[in-house]
């Protein structure tokens, strides 16, 4: 008997009125099968569906094809509308994990310990090196946590993403923007919990402008390294954790903290390190104009702010550092999107080829008949479902 016929969104909306709304983690067609195969409906709901779509009310499936089906609201949404819907869905999934008392407490305690370690940095010659290390400590956490947090984001979404792309539910670019941007929020929150007490207890720079610029440096660093994490998760697969640790070791060692860049065997390699530019960004912000550092030899004049930064090879302007970090973030994020697009196309092509080779499908508790047409948002040969007929066998 027929229990529903028409566009998939129409059926999903009808199921929602009967007490079974489509969850955020399900595609519409997938949820129709879930609801029918697992017999989630009671007899009252089934009688309501039979009255609407049973034998007496059944209309030929062909009436849902053609121009009317092509304009089905869940299949032909404009790109911005797709983004809006997906932002709402991603937010519903992610909002519960934005705040963790355990993780926030961890970040707060780490920030307090760091503040006590560097408590009230002065302006003697040795304080210049201490302030430089404090700059490094500020940004290294903005590399470590965001990059590791980015690794599972795309792999854990691939199964559902593949299903929804296969039926033309939305374009990959519309999914990629909210799915990879909303995870930035927990990183921003935890960075703030850690950074604020550390900065003011340590006395990195008692200046509101320096604090604002340092905050901007942290934001740029988080976006940059999160984007790099996405690339590693797509390219390296199960080995992404090991690859990420190797890359972080490179960034950590060639940052100029442990050995001046002009003293290592390959000085230029440090300038390929995003963490170097993040450290330089913060240093340019907290080494305030007009400050000087008394040398241990009292007979020598104090070192100016510019002399101290030049000694540490931190002479790159803050604006240039910000441009490098954001430029790397944009390019790497674009690379992640293109790699994911290539991967999805290959997977969907294989699925289509396997489906074409199967002569017939066995009957199950429920079947979905899909009337499809090529979707301009997907690769040629992939079809977007525009209407579905769901029947209980």
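We number each residue from 1, going along the chain as drawn.
From the backbone N, Cα and C atoms, a Cβ is placed for every residue, glycine too.
Feature annotation from TrEMBL assigns domain 'ABC-2 type transporter transmembrane' to 82-279. According to TrEMBL, the transmembrane segment annotation covers 104-123, 135-154, 174-196, 208-235, 241-261, 268-287, 314-340.
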Non-local residues, at least 6 beyond the ends, that sit with Cβ under 8 Å of the transmembrane segment (241-261): 132-133, 136, 140, 143-144, 147-148, 151, 228-229, 232, 235, 267, 269-271, 273-276, 279, 312-314
Among 104-123, 135-154, 208-235, stretch most in contact with the transmembrane segment (174-196) (C-beta, under 8 angstroms): 135-154
Long-range neighbours of the transmembrane segment (268-287), counting only residues six or more past its ends (CB under 8 A): 128, 131-132, 134-136, 138-140, 142-143, 204-205, 207, 209-210, 213-214, 216-218, 220-221, 224-225, 228, 250-252, 254-257, 261, 305, 308-309, 312-314, 316-318, 320-322, 324-325, 328
